[in-house]
Structures are given as structure tokens and as C-alpha cells.
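Everything on this sheet refers to the single structure shown next.
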Amino acid sequence: MRSSLCWLLTLLLILATAAQGQPTRRPRPRPRPRPRPRLRPTPSFPQPDEPTEPTDLPPPLPPGPPSVFPDCPRECYCPPDFPSALYCDSRNLRKVPVIPSRIHYLYLQNNFITELPVESFKNATGLRWINLDNNRIRKVDQRVLEKLPSLVFLYLEKNQLEEVPAALPRNLEQLRLSQNQISRIPPGVFSKLENLLLLDLQHNKLSDGVFKPDTFQGLKNLMQLNLAHNTLRKMPPKVPSAIHQLYLDSNRIEAIPSGYFKGFPNLAFIRLNYNQLSDRGLPKNSFNISNLLVLHLSHNRISSVPAISSRLEHLYLNNNSIEKINGTQICPNNIVAFHDFSSDLEHVPHLRYLRLDGNYLKPPIPLDLMMCFRLLQSVVI
């Protein structure tokens with residue numbers, strides 16, 4: 001019994017000694033989070049506005065290779081085989097370079113030009129052709145145009161002009177001012193332009209009050225006048241009698257004065273599409289003009305076919321309010337005997353193309369219409 005007790009005490013002593021000899025395990029310390037850097041407070045400056053001119057414009061194109069002409073502006077191109085021409089178009093230019101005196105044809109379209117400095121044109125007195133389409137020109141200094149006596153063609157389409165430029169050269173033959181913001185025509189601005197053949201003022205802001213009885217005074221040889229896409233309610237007064245082509249589409253014209261076209265012996269082409277014309281606003285024989293060849297009256301409020309000349313070749317009456325058509329009534333030569341199939345076409349009406357679709361008509365084409373207009377090649381209903 002005593003020996004068993006001694007053995008038990010010895011075993012406990014051995015276990016206690018072994019436990020004291022082992023190292024004590026400590027828990028691993030968790031990594032501390034890195035301190036976040038403190039952001040300095042940003043001062044509250046006002047936000048800048050959207051970029052405005054000229055910062056919103058693309059950069060000008062780099063200069064091209066050296067030219068064979070020492071006076072050629074680096075930002076332009078001077079073709080060796082065409083020494084009188086200067087091409088500065090589509091180069092993101094803000095300013096007009098100095099134009100050499102040898103230049104007759106100047107191309108500056110598709111840029112960001114806002115003005116025409118006098119210094120740029122002081123030597124270019126022989127210019128005949130200037131193309132400034134699609135720029136940002138708001139006004140033309142009359143001192144520039146006064147120094148260009150040989151100018152024949154002036155293109156200023158797609159700019160920001162608010163009035164027709166003054167001091168236009170006397171020898172001008174074509175003046176193109178479409179797609180601007182023009183709402184004013186200075187008095188007498190055309191008075192010295194006897195050589196002008198074409199005047200294009202479409203897509204502007206011209207109203208009836210702009211046109212006075214003397215607005216077109218001086219345009220003795222004008223052949224083409226384009227006033228389409230404006231805000232006219234009346235026919236313009238005192239249009240030059242030499243006119244051949246008259247464009248008045250997309251206005252708000254409601255009526256044509258009696259005998260309005262009688263004073264135009266050379267008028268061959270009329271466009272009055274997209275207006276507000278009705279039978280009440282069309283006096284009898286309004287379009288019965290001896291030299292008229294093409295007449296556009298589509299997209300109006302016309303309910304009957306107007307009287308036409310026997311020389312008319314193309315008639316557009318589509319998209320109106322026409323319900324019926326009587327060939328006997330509209331026949332210029334008042335043909336009654338439809339049994340006459342004579343081959344003599346000397347006095348037969350010249351109408352070759354007739355468009356009537358978009359009305360209230362239904363096929364077939366009336367027989368009396370075909371008997372009158374025997375030269376018809378196409379009828380659209």
C-alpha cells in the first residue's frame with residue numbers, strides 16, 4: 001500500500017516538471033489597419049462654363065509642304081498648275097490669311113472665320129471668285145468689297161449674316177446668301193448691280209416688310225431669284241422683269257395678285273410649292289403665261305386645276321385638294337371635237353408631265369384630258 005502511494009506521487013511529480021518545461025503559446029497580434037491619408041480640403045471655386053469660341057474649335061491644320069510660290073500662305077495650298085487659285089478650305093482657320101495679288105479664285109469655305117479683315121484683301125484687287133460658305137461670318141466690312149472691282153462670284157452661304165452686305169461690286173454676277181439669318185435688306189444695296197444674274201436668299205428670315213417697291217431696283221438683268229424658305233405671306237413687289245426663274249417654295253403665300261406674272265415676258269420656271277394658296281387666291285389665268293414651261297404648285301390648298309398656257313411642259317399639282325378634273329375646261333386650245341385624230345401637232349398643247357397624286361382623284365385618267373394633251377408622257381394620279 002505504501003509502495004503504491006509512493007509510485008503515484010512520483011508520477012505526479014514527473015508530470016508537473018514536464019508541464020513547467022514547455023513554452024507558453026501567445027496569441028498572434030492582429031495587424032493594425034494602415035492610417036488613411038488625410039485629404040486636404042479643396043477650395044470651392046466656381047465651376048467654369050462650357051467652352052466658348054474659340055476654345056471649342058478644332059486646332060488649325062499644320063502647314064503643308066513648301067509651295068513653289070513664295071507668297072503662298074503656309075496654311076493654304078497653291079496648285080502649281082493653277083497659279084491664280086488659292087485653296088484655304090476645310091483647314092479650321094479662324095482668320096483669313098493675306099491674299100497674294102496674283103490670286104483670282106479664292107476658296108475659304110468650311111472654316112471658322114468670323115470676319116474679313118481689310119488687311120487680308122488689300123493686295124487682292126483682282127479677285128473674281130470668293131467662296132466663304134460654311135463659316136461664322138456675321139458682317140462684311142464694306143471696305144473689303146469696295147476694293148474688289150473685278151469680283152464676279154460671291155458665295156456666303158451658311159454663315160451668320162443678319163443683312164445683305166453693302167457696297168457690293170458692280171460686276172457681280174452671282175450672289176449666294178442662303179442659309180443665313182438675314183432679316184434686313186439695306187436700301188439701294190442692289191441699285192448698281194446691273195450685271196447680277198443670280199440672287200439666292202433662300203433659308204433666311206425675310207418677311208413682307210423687308211421688300212419695298214425699290215428693293216430690286218437696278219437688277220435689270222436678273223435671271224434667277226430664290227426667296228424660298230422664308231416667311232413671306234405676299235408675293236414680292238416689283239420683281240425685275242428680266243426674270244427667268246422664280247423660287248418661292250416653303251413660304252406662307254396665300255394669294256397672287258391679278259396679272260402679277262404678266263410683266264415677265266421671259267419667265268419660264270415658277271416654284272410655289274409648300275405655301276397656302278387656294279382657289280380664292282388664284283385669279284383666272286394667273287399662270288396662263290406664254291413662255292412658262294415648268295410650274296410647281298404642289299402642297300397647297302388648290303381644289304381645281306388652274307388655266308395654263310399651251311406651251312407649258314411640266315405641271316406639278318400633287319398634294320392639294322383637287323376632287324375632279326375636266327380636260328375640256330382646262331384644255332388651252334378649247335378642243336371639243338375629240339374625234340379629230342389629225343397628225344398635225346403644231347397647235348397641240350405641249351404638256352408632257354402632269355402630277356396629280358396626293359389629291360382626291362382616282363384612276364382612270366379622264367379621256368378628255370388625254371385627248372387634249374396628246375403629248376403627255378407621264379401622268380401620276
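Just so you know, glycine gets a Cβ as well, placed from its N, Cα and C.
Quick caveat, the model's predicted, so the values are computed rather than measured.
Within the set Cys88, Cys331, the cysteine that Swiss-Prot bonds to Cys372 via a disulfide is Cys331.
Asn288 (N-linked glycosylation site) has Asn326 as its nearest neighbour among the glycosylation sites Asn123, Asn319, Asn326, going by CA to CA distance. Same-chain residues lying 6 or more positions outside the repeat 'LRR 2' (114-137) and placing a CB less than 8 Å from one of its CB atoms are 53, 89, 94-108, 143-144, 147-161, 176. Between the CA atoms of Asn123 (N-linked glycosylation site) and Asn319 (N-linked glycosylation site) there is a gap of 54 Å, rounded to the nearest whole number. Cβ neighbour count within 10 Å across all protein chains ranks Asn319 highest among the glycosylation sites Asn288, Asn319, Asn326.
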